[in-house]
Structures are given as structure tokens and as C-alpha cells.
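Written out below as C-alpha cells is the structure these notes cover.
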Amino acid sequence: MRHAHRVEVVRAAEAELMARLPEGTLMRRAATGLAVTCARLLTRRRGRVYGSRVVVLAGSGDNGGDALYAGAELARRGARVTAVLLAPGRAHGGGLAALRAAHGRVVVEQEIGLADFSCADLVLDGIVGIGGRGGLRPEAEPYARAARTGPVVAVDVPSGVDADTGEVAGAALRADVTVCFGTYKPGLLIDPGASYAGAVQLVGIGLELPPAGVVALQHADVAALLPVPGAESDKYRRGVVGVAAGSARYPGAALLAVAGALRGGAGAVRYVGTAAEEVVRGFPETLVTEGGPAGAGRVQAWVVGPGGGEGADRALAEALAADVPVLVDADGLTELARLGPGALAGRTAPTLLTPHTGEAARLLAGAGGDGGTRSEQARPPAADELAAARLATARRLAAAYRATVLLKGSTTVVADPPPASGRGYPHGAVRVNPTGTAWLATAGSGDVLAGLAGSLLAAGLSAPDAAAVAAYLHGLAARRTAAVPGAPVTASEVAAALPAVWNDVRAGEAPEPRSRTSGGTGT
Ligand SMILES: NC(=O)C1=CN([C@@H]2O[C@H](COP(=O)(O)OP(=O)(O)OC[C@H]3O[C@@H](n4cnc5c(N)ncnc54)[C@H](OP(=O)(O)O)[C@@H]3O)[C@@H](O)[C@H]2O)[C@@H](O)CC1
Ligand SMILES: [K+]
């Protein structure tokens, strides 16, 4: 599992450790780790470090200090290192002295800096790290836009990305690799920040940290959560998932949700709705009923809403009345937004909401802007604003509806409501999905995800586990399905790829690292 901590938590751990160590130890550890990565990249690119052109963009804080010390280490190995000072007169004294002692060059003119930046074999972005406030300052913005030939290595966090949230106010440096220290930062795992970070490498510096506020599951974590039938299992013990989906207008949504549900580990899928005939034709193993959830018989979890059309209100009401976990998606969410959080107030079983940002905007508007404080919000939030602040959006929704929320899109985020009393990690941690691909933003992909997550709920996973595991498998399936890496995928193909992905995860086959251009788990 990747653990990410907020800046204030990192600062506290740093202070505690620094008090016990000789001055400069942490920065030396950080700079050494950084230089090792840079040397490896240069060797891959040019065959050696010696003679390569390295540019260090150095701001006024310790982030610039890390970059300058790493630059000095590369200069000692024969690299031609130029430091561009973005805040001349305020650069890190020790780092600058080390670079000069290693015969590095120092410039302050922006024109020279930009020319060197564009033709460098490698750039170190040490403009600003976890001490940054606001977006990039004007003197740094040209570097975010300039052409370049070599890779950019961000020091701790790409400059311009908010380390705590992944929000980007204006421009930010686009890195190929980010070397972070002590712990991941939430902004490196959540878009838009994650898409600026490239491949993220963690350098341990000895910090002792409390449980993380944000985590990203990896293969082993997901493998440990997958439901596996025991020798005594029957279909009811494995869990029956009820799917109330599809309508005369959208029968395909029923098929896709059932396809996802059949591959999520539940023992049986029970379908209710108007597309029963099509569902049985497509998946004869499905149990079908033509009414609503109330008369459908025993289930351990409901999925309600995909393609539900005009029948979604009844399906939602009947599903919510059942004392089992309920996943609400698509038209079910539109209906829930109309009803507001009060519709969930009496529930004791878990509720999992799976909105994209457009649905999230409707839900927040339905909750009065921010969980009952409509007056604070002059207008309903716009979907693109919510997408830019994914962590905050998921948390707001979870708090407003007191339900687990899986916010879909570029980096899927799963948030639990704040604890009523002292409930801590792992439930309290927000889970972010590392396997997404922008190709998942395709019709029907959300229906598959809803069925899959509902099936995992029925199999006994908690709402946040079911959501995080479903997002993980769904993203991997889309990556695996593309005949050519990066080619378009369809929702049916994603569903069909789920068994193979399930096997990959159990076999421990690592996913491809996220590329700089890949998106998230959009649906
Ligand atoms: N934590 C750890 O364990 C370890 C941390 N380490 C390293 O230290 C880094 C944190 O260093 P830090 O605290 O000096 O802050 P940092 O990110 O350099 O920025 C602050 C400076 O920038 C300025 N500034 C502010 N906003 C700005 C903006 N938008 N654009 C431009 N400038 C801006 C602000 O000055 P201002 O102009 O606002 O007066 C201030 O001078 C951390 O990311 C990691 O790399 C490792 O060495 C070892 C272990
Ligand atoms: K940086």
C-alpha cells in the first residue's frame, strides 16, 4: 500500500527526527536519493553521467537546497550542472556553496535559464516543495510552458502542485519522475497533481509517521481482499447481489451491470427490472424478477440505478428500505440528489454512492451545497470545479450523505464519512485508485463498475474495500483489454477482462507504472 501524509504531519515527524540527528542529515539523505535517481536516468539516456547537461531550478527554500546538493553530487561525477536561481539572493546557502565547490555554474537571468532548460539532458525541479503556497509565481511560469528535450525530475512534489490535495492553481512543472521524501504526498496520487508527477519514487529518510490519511492500494492489498469461496461455500454464503438496473430506453446498462456483478465474486446475481429477457439471453445464470427490489427475494447487497430511467425512484426507495448494503449509481443518484441526504438517514447498513463529478455536483446541490449549508454556496458547484478538487469533493459528499463515496473520473477517490467517534485507519483513510486509464471514460463502463462493486459488497467486503477493489480491478481490466497499449476499450471488453485481471492480482503480477499521459478511472 502506498501511504500519503499531509504536509503538517510530515513537518511534525521531520521536527521530531531532526531534533535527534546532526543538522543537515535529512537533507543529505534526501539529496543522495535524488542524485541516485538522476544518475540512473542520465545513464539510461546518455550512457553515463559524465559530460551530461543538468539544469537545477532552485527556489528559495529547502526544496531548492535538496536540488542544489543533488546537482553538486552530479557535478562531482562530471556532469555539467547549471543552477538557475529563481529567487536570487535567497537560495539555500549550503546547497549553493556545495554546487560552486563542485564547479557548477550559477545563473539568474531568465533567458539563459530558459535556453539551458530546453536543451538539458535532465532538469531538477527544486523551485518549491511542501512549503509552497498558491500556484507557480510569475518568474517560474515560463518553465512550465517551455519546450524541453530531457526529462524533468521533480524534487518532492512538482512545483505548482498542491502537496495536500493535488490541486493545481494555474501552471505547474510537468515531471517525468518525482522523487519524494519520507512519505508520498496526497497530491502525488490524486489528479490533476498525479498527472504532473510522472512515475513517483519514494526515498526513505527515517521519518516515523502516524497512519496515513490517504492510501493507494497495490496488488498485494487487493489480492488479500478478494473474496475466495471456502470448501463449505454455497451461493448464499458467497453472497447474492441484486441488480436493479436498465430500462426500456437503456437495456444495455442492465446487461453491463450484471456482467460486472457476475465477475465480482458473489455466488449469484439476481436481476430486477424491465430488461429481464435481455439479461437472461445474455447471461442465463442470472436469477430474474420483473418487479422491484422489494419482491425479489433474498440478497446480501443491492446495486440500484444504472440506466434505471423512470423506474429509478421506486427501485431506489425499495432498495434503501432493505437492511443490506446498497450501492447507488447513475439514475439512482439523480433521484437521491432530488431527495437529499435525508433519504439515507434511517439506514444502518452501509450505503455506497458512485457518482462522476456531474452527479457529485447534483448530489451536493441536493444536500444544500455542503451538507446542509446551502447559504454558504451562492450557486451549485460546477462539475469541472469538483473534478479539480477531487479529494475535497469526495470528502464533502461522504460527510453530507454519511455514506461511502466512490468519486469516479481521472483518479477515482473513495472516501468514508468522518467518524462519529474515534474510528481511525484503515476506514478513515481515503483510498485513491492507481490503476485508472482515461479510456475508461466510455459509455457503460460505470455500469460494469457498479455491478462489480455491488458483487464485492454482497461477498462481504466493507463499502470502502468493495469500492477500492472494484476501481482497482476495473482500471486494470481496461489496461489489459486494450489490444494495443493506450487503444480505446469498450465496457463489454472491460467486463470480459475481469477474470484475467483477478488472476493477475492473485498471482501478484504488477501493473504497468502509470505513464505521464495516462488519465484515471474515468467512467
Ligand atoms: N519535510 C522533510 O522531512 C524534509 C524536507 N526536505 C525538503 O524540504 C522541502 C520543504 O522545504 P521548505 O520548508 O523550505 O519549503 P519549500 O518547499 O522549499 O518552499 C518554501 C519556500 O518557497 C517560497 N515559496 C512559497 N510558495 C512559493 C511558490 N508558490 N512559488 C515559489 N516560491 C514559493 C517561500 O518563500 P516566500 O517567498 O514565500 O517568502 C519559501 O522560501 C521539502 O519539499 C523537501 O524538498 C528534505 O530536505 C529533507 C526532509
Ligand atoms: K519541486
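Note that Cβ sites are derived from N, Cα and C of the backbone, with glycine treated the same way.
Listed in TrEMBL:
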type    : residues                                               : note
DOMAIN  : 10-213                                                 : domain 'YjeF N-terminal'
BINDING : 62-66, 129-135, Asp156, Ala253, Gly307, His356, Asp447 : (6S)-NADPHX binding site
BINDING : Asn63, Asp125, Ser159                                  : K(+) binding site
DOMAIN  : 218-505                                                : domain 'YjeF C-terminal'
REGION  : 363-382                                                : region 'Disordered'
BINDING : Lys408, Gly409, Ser410, Thr411, Thr412, Gly446         : AMP binding site
(message) Taking only the residues in the domain 'YjeF C-terminal' (218-505), give me the average pLDDT of this model.
(response) 89
(message) Return only the integer: C-alpha distance in Å from Asn63 (K(+) binding site) to Arg133 ((6S)-NADPHX binding site).
(response) 13
(request) List the binding-site residues Asp156, Lys408, Ser410 whose Cβ sits under 6 Å from any atom of ligand 1, in sequence order. (result) Asp156
(message) Is it possible to get the count of other C-beta atoms within 10 angstroms of the C-beta of Arg133 ((6S)-NADPHX binding site)?
(response) 7
(message) Measuring Cβ to any atom of ligand 2 with a strict under-6 Å cutoff, which of the binding-site residues Asp62, Ile130, Ser159, Ser410, Gly446 qualify?
(response) Ser159
(request) Starting from Gly409 (AMP binding site), work out which of the binding-site residues listed here (Asp62, Asp125, Ile130, Arg133, Asp156, Ser159) have their Cα within 10 Å, and give them in sequence order. (result) none
(request) Could you tell me which three-state DSSP class Gly409 (AMP binding site) falls into? (result) strand
(request) In whole Å, note down how far the CA of Gly446 (AMP binding site) lies from the CA of Arg133 ((6S)-NADPHX binding site). (result) 36
(message) Counting only residues 6+ away in sequence within the same chain, which have a CB under 8 Å from the CB of Gly65 ((6S)-NADPHX binding site)?
(response) Met27, Ala31, Ala58, His92, Gly94, Gly95, Gly126
(request) Sort the binding-site residues Lys408, Ser410, Gly446 by C-alpha distance from Asp125 (K(+) binding site) and give me just the closest. (result) Ser410
(request) Mind checking which of Asn63, Ser159, Ser410, Thr411, Thr412 has the fewest other CB atoms within 10 A of its CB? They're the binding-site residues. (result) Ser410
(request) Taking the recorded K(+) site as Asn63, Asp125, Ser159, identify the other residues of that chain whose CB atom sits within 8 Å of the mean position of the site's CB atoms, giving them in sequence order. (result) Leu57, Gly59, Gly64, Ala67, Gly126, Ile127, Val128, Gly129, Gly132, Ala154, Val155, Asp156, Val157, Pro158, Leu173
(message) If you count other C-beta atoms within 10 angstroms, which of the binding-site residues Asp62, Asp156 is the most crowded?
(response) Asp156
(message) Of the binding-site residues Asp62, Ile130, Asp156, Ser159, His356, which one has its Cα closest to the Cα of Ser410 (AMP binding site)?
(response) His356
(request) Could you tally the C-beta atoms, other than its own, that fall within 10 angstroms of the C-beta of Gly446 (AMP binding site)? (result) 30
